[in-house]
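*Asks:* Take a look at the following structure, please.
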Amino acid sequence: MHTDLRADQKAEVLIEALPWLEEFAGQRIVVKYGGNAMVDDHLKQCFAEDMVFLRQVGLHPIVVHGGGPQISHMLKALGIKSEFKGGLRVTTPEAMDVVRMVLTGKVSRELVGLINAHGPLAVGLSGEDGGLFSAMQRRPIIDGKPTDIGLVGDVVSVDASAVEDLVAAGRIPVVSSVAPNEEDATEVLNVNADSAAAALAAAVGARKLVILTDVDGLYADWPDKNSLIGRIGVENLRDMLPDLESGMRPKMEACVRAIDGGVPQAHIIDGRKPHSILNEIFTSAGIGTMVMPDEGLEMRSSYGY
């Protein structure tokens, strides 16, 4: 890959990464793959390269993905009505068949293929495999009352042994966000990939949870671009949750869940930027918003980078 950096600048980039390579060696990093990074061909390639890079320098990446745009496209192509209530997809049994097919048969296979173009590293599995996830059907409060949105659930338990086996074998697990209903194991639920990634990060003792989005991070006062938060304590974030817009709230709730589960750091980063994961992990400034177990709030504009 050609860059405009001089040789000495390239060396500076590598040296800046050295302490982070040392600090994160052998650590597990759970990455929620989503947003524009899933639909733009160049960004998909960059994401696959990032996962391979992490693996080759001694980290253990674990990928969890959804597939909202791909599901919507397939439902439309098949003439199946797609309804949303309170920003959540109503998942009928007919739609669930499509969700399962798209996530495990299309999105997962494509990402596994992109990673494995660099060597036999990635293995696809879903929340159904090896009892990885168990979920409970969800009845969210919409307009003040519990609402039936069909076969949609929240992960309530994790058996990470299948993922642990893959990590021990040097593989990169790629996990699709569907899960059996804990009350009826023959029924499969569509689960939120952000929440599933947080639950898995806690279960495997991940050093970081990284969630890819289509925004720069969490803003304290959107649309003021100077209000981009660089670091925020989990209690400060918990206080903000009720006022967050519907697209950002589940991602920040996932960060809270990860921190509450013992994950030291959770990040929201802009997946529209090529190699954003490497920029977050291996540079001093990082990018996006980092959630920490302690208290406090720092604006990214205060960093001086």
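Glycine too: its Cβ is placed from the backbone N, Cα and C atoms.
Since the structure is predicted, the reported quantities are computational estimates derived from the model, not experimental observations.
Grabbed the feature section from Swiss-Prot, which reads as follows:
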SITE      Lys32  site 'Transition state stabilizer'
BINDING   Gly67, Gly68, Arg89, Asn190  substrate binding site
SITE      Lys251  site 'Transition state stabilizer'
*Asks:* Based on Cβ atoms within 10 Å, give me the single least packed residue among the binding-site residues Gly67, Gly68.
*Replies:* Gly68
*Asks:* Between Gly67 (substrate binding site) and Lys32 (site 'Transition state stabilizer'), how many Å separate their Cα atoms?
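*Replies:* Per the Cα atoms, Gly67 (substrate binding site) and Lys32 (site 'Transition state stabilizer') stand 11 Å apart.
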*Asks:* What are the sequence-distant neighbours of Lys251 (site 'Transition state stabilizer'), meaning same chain, six or more residues apart, C-beta distance under 8 angstroms?
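*Replies:* In sequence order, Asp194, Ile211, Thr213, Ile268 meet the Cβ cut-off.
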*Asks:* Which of these recorded positions has the least crowded Cβ, counting other Cβ atoms within 10 Å: Lys32, Arg89?
*Replies:* Arg89
*Asks:* So among Gly68, Arg89, Asn190, all listed as binding-site residues, which is physically nearest to Lys32 (site 'Transition state stabilizer')? Use the C-alpha atoms.
*Replies:* Gly68
*Asks:* Going by DSSP, is Asn190 (substrate binding site) part of a helix, a strand, or coil?
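*Replies:* In the DSSP reduction, Asn190 (substrate binding site) maps to strand.
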*Asks:* Please find which two of Gly67, Gly68, Arg89, Asn190 have the most distant C-alpha atoms, given that the record lists them as binding substrate, and give only that distance in angstrom, rounded to a whole number.
*Replies:* 12
*Asks:* Quick check: with Gly67, Gly68, Arg89, Asn190 left out, which same-chain residues have Cβ atoms within 8 Å of the centroid of the substrate site Cβ atoms?
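*Replies:* For the substrate site, the extra neighbours are Gly66, Ile71, Ser72, Thr91, Val99, Leu103.
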*Asks:* Long-range same-chain neighbours of Asn190 (substrate binding site), Cβ under 8 Å, sequence gap at least 6?
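*Replies:* Those within reach of Asn190 (substrate binding site), by Cβ under 8 Å and sequence separation of 6 or more, are Arg89, Thr91, Met96, Val99, Leu151, Val152, Gly153, Ser177, Val178.
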